[in-house]
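In what follows, a structure is listed as structure tokens, so that the remarks can point back to it.
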Ligand SMILES: Nc1ncnc2c1ncn2[C@@H]1O[C@H](COP(=O)(O)OP(=O)(O)OP(=O)(O)O)[C@@H](O)[C@H]1O
Ligand SMILES: [Mg+2]
């Protein structure tokens, strides 16, 4: 991606990370441009959620660097990290709503924690966010009373409550019906355009991702295997990338977690 | 072989030292992570209710029965020596010095401690703590600290209530049922209970126990393996470890306070 330094929001340089003996990333590079929607796609279990946690400073890389607006996240001390996190926001894959608070209080939580706004103003802000995700009527429900898709939209409303500079969405489309999926897709795009936010979207949903992303990374085998605009990616010569985009089970990317050949294992059981 | 064993021992030692280090860091974060008065006070009040007020019933009932049993047992021994007028001091001293602080701490570990461990472990498993961190809100301040202080404030108060109810229970059995002289029950108690030696030391014990129980309960939850098994194991460990720690510290404190 050709861009000057100041246009880059997140810059991942030569990142390596492992969980125990399980090497997840090995020398990965990636840049996220300011004001753009950058998508990260890849097979399940490849480490996409892990990557977002690395960017958020919840995990530390084994080697390599992660720069957020030019400053190294792994090198920050605790208070710098907390200060920096005020400029980011993350939609967790599980939603991670606070179970003892109503939907309204969940969305109001970051506003109440970080501003001294009067309650009347907070109410307006929260209702606006809830309206945007179609859950204004559900404001008094508790998280346990929401469906999976509703919980994720409520979490989305909470993630955008303070209009951060960088929003990371972990699987925002999972569990949405076609209508709410449309709402979420439009919302991510609209937030990005209207407020000039930078978005990172992690998702398996190829069609949706291709429709909203400005730039797409396909991650597999511990690093980026393909990148480009959605147009460029469709023309990509790598068979792995093509297999992933077309959703074919058999191809260069193995669908199965590494194991002994199936036939051998069955024979052993007989 | 030997080398292997040494290595395992070394690994286990490192593991437990690291665990202790994490626990100490968490405790420091909870004690010094001063939430602002505006935001912290409502959180503390809510936790005082959950941790303290909701434990009140079990404390009242247990205190009453333990006082009654003490009076009954004490009476059968004292009456042999014609010393049943000493029933008041016997009940009061047992409760003030030992049973009040210790039994309250044990009940508290079972009632509030296990609940706290499970609550925090579940918050961790459902990524609520993670998401709070990502919102630049420190879970040590927002979640751990109010619970810790609520426990440290409410446990000594519960121990005082336990002791008071126990003394009344002793009166119920000793005076109202077994016929010990009522005036004597109170006056002998007054003459034999020392404010410093007995009352203050009992309260100090209770404060120490409160620190121990809350620290263990919160740390076990915060450090739990984020699965349903991990949480159930952490909950059990809270009750077992906290109870043993309370009994061990009780011995040490008793030796320091009354042993010399
Ligand atoms: N807490 C953990 N401890 C150890 N290993 C973990 C932990 N969390 C994840 N892993 C491992 O790290 C790898 C990457 O996990 P991650 O959750 O980042 O995958 P993902 O790409 O987000 O998958 P999905 O698309 O299914 O959400 C997996 O192999 C997983 O087994
Ligand atoms: Mg994931």
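Just so it is clear, glycine is given a Cβ too, placed from its N, Cα and C backbone atoms.
Residues 138, 140-141, 144-145, 148, 215, 218-219, 222-223 of the same chain lie 6 or more positions beyond the ends of the transmembrane segment (B:12-32) yet place their CB under 8 Å from a CB of it. If you look up TrEMBL, you'll see B:12-32 (among others) marked as transmembrane segment.
The feature transmembrane segment is assigned by TrEMBL to B:48-75 (among others). Tertiary proximity for the transmembrane segment (B:48-75) is limited to same-chain residues at least six positions away from its ends with a CB under 8 Å from its CB atoms, namely 84, 87, 90-91, 94-95, 99-100, 103-104, 107-108, 111-112, 116, 147, 150-151, 153-155, 157-158, 161-174, 178, 180.
Sequence annotations record features per position, and here TrEMBL assigns transmembrane segment to B:87-109 (among others).
The transmembrane segment annotation in TrEMBL covers B:148-168 (among others).
Residues 23, 26-27, 30, 96-97, 100-102, 104-105, 108-109, 112-114, 116-117, 120, 144, 147-148, 151-152, 154-156, 159-160, 163, 193, 238, 241-242, 245-246, 249-250, 253, 257-258 of the same chain lie 6 or more positions beyond the ends of the transmembrane segment (B:199-218) yet place their CB under 8 Å from a CB of it. The feature transmembrane segment is assigned by TrEMBL to B:199-218 (among others).
Using a Cβ-Cβ cut-off under 8 Å and counting only residues 6 or more beyond its ends in the same chain, the transmembrane segment (B:239-258) has close neighbours at 97-98, 101-102, 105-106, 109-110, 113-114, 197, 201, 204-205, 208-209, 212-213, 216-217, 220. What TrEMBL lists as transmembrane segment is B:239-258 (among others).
Packing against the transmembrane segment (B:148-168) from elsewhere in the chain are residues 27, 30-31, 44, 47-48, 50-53, 55-56, 59-60, 62-64, 66-67, 70, 91-92, 95-96, 99-101, 103-105, 108, 112, 116, 189, 202-203, 206-207, 209-211, 213-215, 217-218: each is 6 or more residues past its ends and has a CB under 8 Å from a CB in it.
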